[in-house]
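K.L.:
Pasting a structure below so you can have a look.
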Amino acid sequence: MCGPAMFPAGPPWPRVRVVQVLWALLAVLLASWRLWAIKDFQECTWQVVLNEFKRVGESGVSDSFFEQEPVDTVSSLFHMLVDSPIDPSEKYLGFPYYLKINYSCEEKPSEDLVRMGHLTGLKPLVLVTFQSPVNFYRWKIEQLQIQMEAAPFRSKEPCMAEEVCSMSWYTPMPIKKGSVVMRVDISSNGLGTFIPDKRFQMNINGFLKRDRDNNIQFTVGEELFNLMPQYFVGVSSRPLWHTVDQSPVLILGGIPNEKYVLMTDTSFKDFSLVELSIDSCWVGSFYCPHSGFTATIYDTIATESTLFIRQNQLVYYFTGTYTTLYERNRGSGSWIRVLASECIKKLCPVYFHSNGSEYIMALTTGKHEGYVHFGTIRDGQVSFEMLPRQWSVCEQIGVTTCSIIWSEYIAGEYTLLLLVESGYGNASKRFQVVSYNTASDDLELLYHIPEFIPEARGLEFLMILGTESYTSTAMAPKGIFCNPYNNLIFIWGNFLLQSSNKENFIYLADFPKELSIKYMARSFRGAVAIVTETEEIWYLLEGSYRVYQLFPSKGWQVHISLKLMQQSSLYASNETMLTLFYEDSKLYQLVYLMNNQKGQLVKRLVPVEQLLMYQQHTSHYDLERKGGYLMLSFIDFCPFSVMRLRSLPSPQRYTRQERYRARPPRVLERSGFHNENSLAIYQGLVYYLLWLHSVYDKPYADPVHDPTWRWWANNKQDQDYYFFLASNWRSAGGVSIEMDSYEKIYNLESAYELPERIFLDKGTEYSFAIFLSAQGHSFRTQSELGTAFQLHSQVDVGVVLADPGCIEASVKQEVLINRNSVLFSITLKDKKLCYDQGISGHHLMETSMTVNVVGSSGLCFQETHLGPHMQGNLMVPVFIGCPPGKRLAFDITYTLEYSRLKNKHYFDCVNVNPEMPCFLFRDIFYPFFLIQDLVTGDSGSFQGSYVLLVVGGGPTLDSLKDYSEDEIYRFNSPLDKTNSLIWTTRTTRTTKDSAFHIMSHESPGIEWLCLENAPCYDNVPQGIFAPEFFFKVLVSNRGVDTSTYCNYQLTFLLHIHGLPLSPKRALFIIMVSASVFVGLVIFYIAFCLLWPLVVKGCTMIRWKINNLIASESYYTYASISGISSMPSLRHSRMGSMFSSRMTEDRAEPKEAVERQLMT
């Protein structure tokens, strides 16, 4: 609607002069606290943008968040850190982006402010919260946060100053697998300028890509940079539909006659106008009675990975590229048309995911009237099913024609609530609420909506019993709204019906029947905003019966008058609301402003508390004459003056929020400014910290229950040495890494408010107290039997439970008469009735607790420097089941100690593996397990019962195989008759069917059998040592442990050595070994007996050979010298005789020596 509708003239003002003066005085008085806040606190705000890794230090740049993979740009720097507690051989990666942080105050340059803040000690603290993924079958459910301290960095711009001209603070922008939605909370360290905390949405945009020129562009269409006024001025607002807390990219259509949508990945802090690349075709047929064609995108729904749109009767979807969620090839290349043969008249959102999937509903007209197309989205894959599966809704409720107007899905009950319009012959149209169960395919008619609006007769609400009188105005329902936490159901149209049990409905008479609701914005935390067809805004607190008009109203008149006086850039005299939505329990508007023929699209907060307070004060005030003047006083309808929460327990045990802390490395520079290398090292340290968290899911428990223990385990003793190096500026690389700066936090303190959510295990309690200071004298005495007087308070507190059969609450009142106050102690407890067992964080039951101070709804406000805050109504979602962050681990440390104590010895494998110690086959195996709480750091012995099964195994790690169900039964069941048991125990307790043993920490232990048909029987040794075997062991407490809702399942490998051989193989080895041994003995004896003879024979053979050689030499010489003279011959004979004699003389002593040695 156009701007004037947002700035109504209001009712005619009284023309009495004093009343006009009082109105002006009222505006000043109501803004007085604001003026005081401006005087004492500068209106400063944090500013955060995203910068790529390579653009650190550049001014005026902001990057889009679409890169999702770690970058290898920091590993070379870690190799220089030789004198640091880290291991340079580890793999350190970085993230693609940094967070650049500044702040600004009104009428002051930002550069001067940031520089002043740095010099006064200001340091931004950044808390990044990773949203858990939808598909818990692929990713672990966890509530993870990392707190970082921003590092100061000088700008790269030219500077004439000696130290710094402009600067900013930087922290890494971490990315976690499975998470695409991240909240960034910026706060101050308490020094320097006071700056209120601020939250930013930093979500991954999977609908962006780089073109050939390295420019970023949208994959869904073409971005437009000119926001023409005709796109927004005079256009009706429309709802913003998305999966709550899971959608990284929001999309909003409704621009007339254009294929344009608004897209944002920062919840409209910034946005883009995109023309979608769809065909815009329209196919008319006899079953699809469309009267015309338009290019307008009517319905838009955003999920975790996929966008849905409806144009005319056509439905399209586009899946983003999210490598952190699934494979890269899941992203769409273009818009995909679904339900091509159907005529779709409306898309209905499903606000919450369940069972690892998200959902969407499409309502048809034409040939499949009376059916709902139910869409399921998981990991970017979309599938539709037509429901009901057999007969249409019309046929099952017994009418010939009907039309489904709206559909609401209650995920926890697998139920569709359908608003059905039906015709009965010539009668007028009637409306019913129909329930359809998607699991059982059962349909039930829940409620017949009255034909006419009831006559309230001045009452705020009216119970619909069928006996009340009615007006002549027909009911025209348009939709159904269900809050899964408190089970409240609203049927809305030109009326409001409310129910908590789907059977009995209450008519809320404050909403005028002359108006018609267009859509409802839901916070799911107890507040609902209503937008009518005439763009009026109404407000409702769930569970109460008052409906407040926010716009147009007297309160809005006062508020906008003050804003225009302050020349706020968020308000104008001509404005159009595009949508109304909740974010973090706060109501926001997306508004198009027209100032001096210039348009601007802004997101602004709707100050609900201020509007209600202004409206209350403008309607209820007194004029008292004192002397010669009138005194203005306001009536305070709030039953208390002060409300505080006390005795709040440590939040992490109930919120299941895991938090890490990471500080930047210390730079060895006089100015304290970081450089690109130190920031890159900061990136690598944060990455490694989160990597340690992701891999801390080993079945073998560490001696110290902390993911960071292994990081510093070998360097803690040298901490003083590293401190000495840093103190003397001798640390390598110019940075010093402090081990205590990277840790997991287990002792978060309560923030004096109820937690965002509460998880309750079996029989768990949550206790807190509410302190209320009453207005005036709110106590009375009353005599009761047995006491003289009993003190009673006029201030009462009520606790409303959505499921009283599952949880219970007790309230104890303590009257503090001397302080005119009351202390209410409230305890919420699980009743152990509504949940069986489940995996940690899976399939939790959703319910809620609401605490109301009687008579305070919409009337009580607390003044703060950030504005008024509504009090008296507290609503907390409660999740019943196995909380996230709890796991079962094999206590290898105590198991080894206890085994050594009981067996009197311990023998490890020959090849020792510290990560997987061995156990000897013949020893009794005493397993112990730990319940580790990853959130609080608690780690204690598992005291419950469990079933232990060997589900796989193999002689080596490479030959491991999983056993079939039949094999698992034969290898583990005491009922087995096939001689296949692997182990046994003296425990007599078994499951109900006696199939398996039930064990506990008090069990007598396990004896290994490996019978004849077991896989570990008769294994061939891989060497000279006894055979080994690896058992894959499954431990589960499902169905046998009643102490918890948690279905603990642990699978780990057990290394057993010293397995015995089968009798046949043992006999064979003995026979072979004995044969070899006997053969060796016989050979040795024979060798000892025959050796002297062999030596003697060898000697004689040698002597004969020598003689033979000498004889041959003599005869050869004689024949050659026969022709010589006789003297020569005679001389030769004498020489030869002399030589022979000399040879014989040498041989005789040699033979004598050999005989002596042989004897």
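Even glycines carry a Cβ here, placed using N, Cα and C.
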K.L.:
Which range is it, out of 656-676, 971-991, 1139-1159, that shows up in Swiss-Prot as region 'Disordered'?
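P.N.:
Spelled out, Swiss-Prot records region 'Disordered' over residues 1139-1159, not the other listed ranges.
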K.L.:
Look at the disulfide annotations in Swiss-Prot and name the partner of C105 from this list: C2, C44, C165.
P.N.:
C44
K.L.:
Name the cysteine that pairs with C638 in a disulphide bond per Swiss-Prot, restricting the answer to C394, C402, C834, C860.
P.N.:
C860
K.L.:
Note down the number of other Cβ atoms within 10 Å of the Cβ of C394 (disulfide bond), including every protein chain shown.
P.N.:
19
K.L.:
Which of the disulfide-bonded residues C394, C860, C882, C1016 has its Cα closest in space to the Cα of C105 (disulfide bond)?
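P.N.:
Closest by Cα: C860.
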K.L.:
Which residues of the same chain, at least 6 positions away in sequence, have a Cβ lying under 8 Å from the Cβ of N355 (N-linked glycosylation site)?
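P.N.:
N355 (N-linked glycosylation site) has long-range Cβ partners A411, H843.
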K.L.:
Pick the one among the disulfide-bonded residues C159, C806, C882 whose Cβ has the fewest other Cβ atoms within 10 Å in this structure.
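P.N.:
With the disulfide-bonded residues C159, C806, C882, fewest surrounding Cβ atoms within 10 Å: C159.
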K.L.:
About how far apart, in whole Å, are the alpha carbons (Cα) of C402 (disulfide bond) and C860 (disulfide bond)?
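P.N.:
Computed Cα spacing between C402 (disulfide bond) and C860 (disulfide bond) is 46 Å.
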K.L.:
Rounded to the nearest Å, what's the C-alpha distance separating C159 (disulfide bond) and C394 (disulfide bond)? Just drop the number here, would you?
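P.N.:
For C159 (disulfide bond) versus C394 (disulfide bond), the Cα atoms are 76 Å apart.
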K.L.:
Using all protein chains in view, find how many other C-beta atoms are within 10 Å of the C-beta of C105 (disulfide bond).
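P.N.:
Counting Cβ neighbours of C105 (disulfide bond) within 10 Å gives 16.
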K.L.:
Give me the Cα-Cα distance between C882 (disulfide bond) and C909 (disulfide bond), rounded to a whole Å.
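P.N.:
Rounded to a whole number, the Cα-Cα distance is 38 Å.
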K.L.:
If you measure from the Cα of N574 (N-linked glycosylation site), which of the recorded positions N102, C165, C918 is the nearest?
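P.N.:
Closest candidate to N574 (N-linked glycosylation site), judged by Cα separation, is N102.
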K.L.:
So what sits near C44 (disulfide bond) in its own chain, CB-to-CB under 8 Å and at least six residues off in sequence?
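P.N.:
Y103, S104, C105, E106, L113, T193, F194, I195, P196 - these are the non-local Cβ neighbours of C44 (disulfide bond), listed in sequence order.
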K.L.:
Rounded to a whole number, how many Å is the Cα of C909 (disulfide bond) away from the Cα of C1016 (disulfide bond)?
P.N.:
17
K.L.:
Could you state the whole-number distance in Å separating the C-alpha atoms of C288 (disulfide bond) and C638 (disulfide bond)?
P.N.:
56
